[in-house]
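Following: one structure in structure tokens, then a few remarks.
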Amino acid sequence: MAKQRPSSKRWLREHHNDPYVQQARREGYRSRAAYKLMELQEVVKEDGKSLLLIPVGANVVELGAAPGGWTQVAVKLAGVEGSVVGIDLLAMDPVPGAEILVGDFLDDAMLAQLQGLLHEGRVDVVLSDMAPNMCGVKSADQLRGEALAEAAFQFVEENLKTGGNFAVKLFNGPGFHDMVKQARAMFTVVKVVKPDSSRSRSPEHYLVGMGFKG
């Protein structure tokens with residue numbers, strides 16, 4: 001049997017002891033990432049009040065939905081009056097209250113299937129917590145992460161309603177500031193944050209855009 005590398009052992013130990021992992025297990029969430037979306041929900045403030053990323057009744061599309069932690073939270077936030085569609089290349093277990101589609105979200109056939117579920121054309125909220133399969137080479141991992149974020153931006157430009165909201169994972173890299181600049185041109189309010197529930201050594205940040213200009 002192959003021995004685990006020290007880095008793998010350290011990750012497993014930290015994962016097991018992670019308070020967010022333990023809380024997710026207690027509360028029935030599929031991943032600790034659920035708490036990141038909870039933090040992003042009210043991260044934008046205006047005149048001392050929180051602007052909700054996912055308003056009650058919103059039609060939400062989540063890109064890269066597996067394993068479903070964000071999907072579970074989105075269903076709760078949108079409520080029975082809203083709708084949630086999760087899309088991923090990987091099959092995942094059903095999430096009560098959500099529709100799950102398997103495929104490439106930029107594929108024409110997938111977009112046609114999505115439109116059939118929405119009935120209203122464009123959507124109110126787009127979410128993306130997508131991350132690449134890490135190869136361990138920093139520059140390559142950064143480029144892969146940027147490619148996923150760019151695909152999410154493309155989906156937003158083609159499918160988000162005017163006035164809609166967007167949350168996307170970004171990684172520190174050569175294209176980070178250009179993406180933030182792009183978002184500021186697309187949205188009325190833009191905020192970049194690192195949630196408390198994000199691991200401190202992770203290079204990930206989240207961009208929240210409110211009020212899509214269309």
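The backbone N, Cα and C atoms fix where each Cβ goes, and this holds for glycine too.
Under the heading active site, proton acceptor, Swiss-Prot lists K169, citing sequence analysis as support. Annotation comment: Swiss-Prot describes G68, W70, D88, D104, D129 as S-adenosyl-L-methionine binding site.
Annotated features, which come from Swiss-Prot, shown on the structure.
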residue: G68; record: S-adenosyl-L-methionine binding site; contacts (Cβ under 8 Å, 6+ apart): R30, S31, G86, M92, D93, V95
residue: W70; record: S-adenosyl-L-methionine binding site; contacts (Cβ under 8 Å, 6+ apart): A33, A34, K36, L37, E62, L127, D129
residue: D88; record: S-adenosyl-L-methionine binding site; contacts (Cβ under 8 Å, 6+ apart): G64, A65, A66, I100, L101, V102
residue: D104; record: S-adenosyl-L-methionine binding site; contacts (Cβ under 8 Å, 6+ apart): L89, M110
residue: K169; record: active site, proton acceptor; contacts (Cβ under 8 Å, 6+ apart): S128, D129, M130, A131, G145, L148, A149, E204, H205, Y206
For D88 (S-adenosyl-L-methionine binding site), the three-state class that DSSP assigns: strand
Diameter of the S-adenosyl-L-methionine binding set by C-alpha atoms, the set being G68, W70, D88, D104, D129, in angstrom: 18
Neighbouring C-beta atoms (10 Å sphere around the C-beta of D129 (S-adenosyl-L-methionine binding site)): 25
